[in-house]
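Quick notes on the structure that follows.
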Amino acid sequence: MSFTTRSTTFSTNYRSLGSVRTPSQRVRPASSAASVYAGAGGSGSRISVSRSVWGGSVGSAGLAGMGGVQTEKETMQDLNDRLASYLDKVKNLETENRRLESKIREYLEKRGPQGVRDWGHYFKTIEDLRAQIFANSVDNARIVLQIDNARLAADDFRVKYETELAMRQSVESDIHGLRKVVDDTNITRLQLETEIEALKEELLFMKKNHEEEVQGLEAQIASSGLTVEVDAPKSQDLSKIMADIRAQYEQLAQKNREELDKYWSQQIEESTTVVTTKSAEIRDAETTLLELRRTLQTLEIDLDSMKNQNINLENNLGEVEARYRVQMEQLNGVLLHLESELAQTRAEGQRQTQEYEALLNIKVKLEAEIATYRRLLEDGDDFSLNDALDSSNSMQTVQRTTTRKVVDGKVVSETNDTRVLRH
């Protein structure tokens with residue numbers, strides 16, 4: 001982006017003298033040139049000034065056509081005195097201009113070539129710092145992502161831990177129930193064994209009682225000694241009958257014993273099967289519980305490691321943020337310092353520009369008056385005091401036009417145009 005700015009400066013009005021020429025005056029031209037280059041804030045301003053001063057020794061001669069009037073002599077003497085004083089001022093201004101040029105040249109040599117300060121190393125430092133800030137921001141984002149991943153992993157482990165804990169509690173509850181079942185089964189088995197023992201004792205008691213009754217009956221029969229003859233059919237053999245009854249009782253007892261043995265054997269087998277099954281289930285449950293405890297310990301260890309890693313990452317994040325905060329404060333301080341230097345440089349350039357404009361206005365005034373004196377000295381034959389007095393009341397305006405070409409906020413070229421307007 002480039003654009004051109006044009007500024008116009010008008011100096012204050014001043015009075016100029018009319019043209020007077022004396023025939024006996026010889027004029028010797030003296031020329032001087034000045035070139036000033038100054039820069040502020042990375043912009044340059046080139047000002048070239050050329051001026052010509054005509055001076056000479058004014059001899060004492062009478063003014064043609066004026067009749068030796070005393071007032072005209074006094075006027076010429078006054079003009080000569082003013083010319084000498086202005087020539088002295090011009091010399092002083094040239095000396096001051098050379099001194100200012102040397103100062104400006106020294107200042108430009110200190111600031112760099114062509115009045116443009118080299119900000120390249122600052123830009124390079126800023127770019128490096130920006131790259132570091134970007135890299136640190138990426139590292140910070142990666143650390144935050146790792147923290148989020150660790151937090152999610154910790155949440156997953158917490159959910160797994162709660163699930164495994166619920167499973168463990170359920171298995172422990174099942175084991176407790178199975179233990180109650182085993183205890184109930186053992187109690188039932190003991191009760192059945194007690195009943196079997198009682199039935200065995202009852203069977204032995206019945207056998208003994210039966211034998212005693214049989215022996216009693218046999219004794220009664222043997223001791224009676226009675227012979228009864230009855231015209232009746234042949235009586236049955238009592239011993240045989242008793243043997244049959246004994247055999248029936250023994251068969252019945254054997255049958256009852258076998259049924260009881262079979263029943264209680266079946267009950268014992270069923271109880272043993274149940275106990276074996278429950279024992280296998282208990283062993284499986286104990287194995288599962290052991291595995292769950294190991295898994296729980298592993299998860300607790302992983303959870304502790306994740307917590308420690310999370311704490312370390314948070315500490316690293318805090319340190320990184322603190323370090324970058326300090327770096328940002330340092331960079332802000334550097335930027336403020338550079339901005340203050342830039343503002344001082346611009347202010348110094350503006351001050352020097354104002355001083356130069358003031359000197360240029362004075363120089364233009366002096367050149368105009370010197371030109372007037374030169375015309376007075378050259379055109380002495382046509383000089384008229386009334387014309388000189390009339391022309392002394394005329395006004396002149398110095399118009400100074402400055403044109404600057406700005407590209408991307410920087411002044412790349414500047415031209416000055418000075419014009420003297422008479423009124």
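One-based numbering along the chain as shown.
In case you wondered, yes, glycine gets a Cβ from its N, Cα and C as well.
When pLDDT is averaged over the region 'Head' (2-71), the result is 40. Taken from Swiss-Prot, the feature region 'Head' applies to 2-71.
Summarising the annotation, Swiss-Prot assigns N-acetylserine to Ser2 and lists similarity to another entry as the type of evidence.
Summarising the annotation, Swiss-Prot assigns phosphoserine to Ser16 (among others) and lists similarity to another entry as the type of evidence.
What Swiss-Prot records for Ser19 (among others) is phosphoserine, and it gives a large-scale study or a structure entry as the kind of evidence.
Per Swiss-Prot, the feature phosphoserine maps to Ser32 (among others).
Summarising the annotation, Swiss-Prot assigns phosphoserine to Ser35 (among others).
If you look up Swiss-Prot, you'll see Tyr37 marked as phosphotyrosine, on the strength of similarity to another entry.
Residues or ranges marked as omega-N-methylarginine in Swiss-Prot (evidence: similarity to another entry): Arg46.
Per Swiss-Prot, phosphoserine is recorded for Ser50 (among others).
Sequence annotations record features per position, and here Swiss-Prot assigns phosphoserine to Ser52 (among others) based on similarity to another entry.
Residues or ranges marked as phosphoserine in Swiss-Prot: Ser60 (among others).
Residues or ranges marked as region 'Necessary for interaction with PNN' by Swiss-Prot: 62-366.
Marked as region 'Interaction with TRADD' by Swiss-Prot: 69-121.
As annotated by Swiss-Prot, region 'Coil 1A' applies to 72-107.
Residues or ranges marked as domain 'IF rod' in Swiss-Prot: 72-384.
Taken residue by residue with DSSP, Lys73 (SUMO2 cross-link) is part of a helix. The SUMO2 cross-link annotation in Swiss-Prot covers Lys73 (among others).
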Counts of helix, strand and coil residues, the region 'Interaction with DNAJB6' (236-384), according to DSSP: 141 helix, 0 strand, 8 coil
Packing count at Lys73 (SUMO2 cross-link) (other Cβ atoms within 10 Å of its Cβ): 14
Number of Cβ atoms other than its own within 10 Å, given for Ser85 (phosphoserine): 10
Candidate recorded positions Lys73, Ser85, Lys124, Ser137, Lys363, pick with smallest Cα gap to Thr295 (phosphothreonine): Ser137
Candidates Lys73, Ser137, Lys240, Lys363, Lys365 (recorded positions) with Cα within 10 Å of Lys124 (N6-acetyllysine): none
Rounded Cα-Cα span from Lys363 (SUMO2 cross-link) to Ser137 (phosphoserine), Å: 60
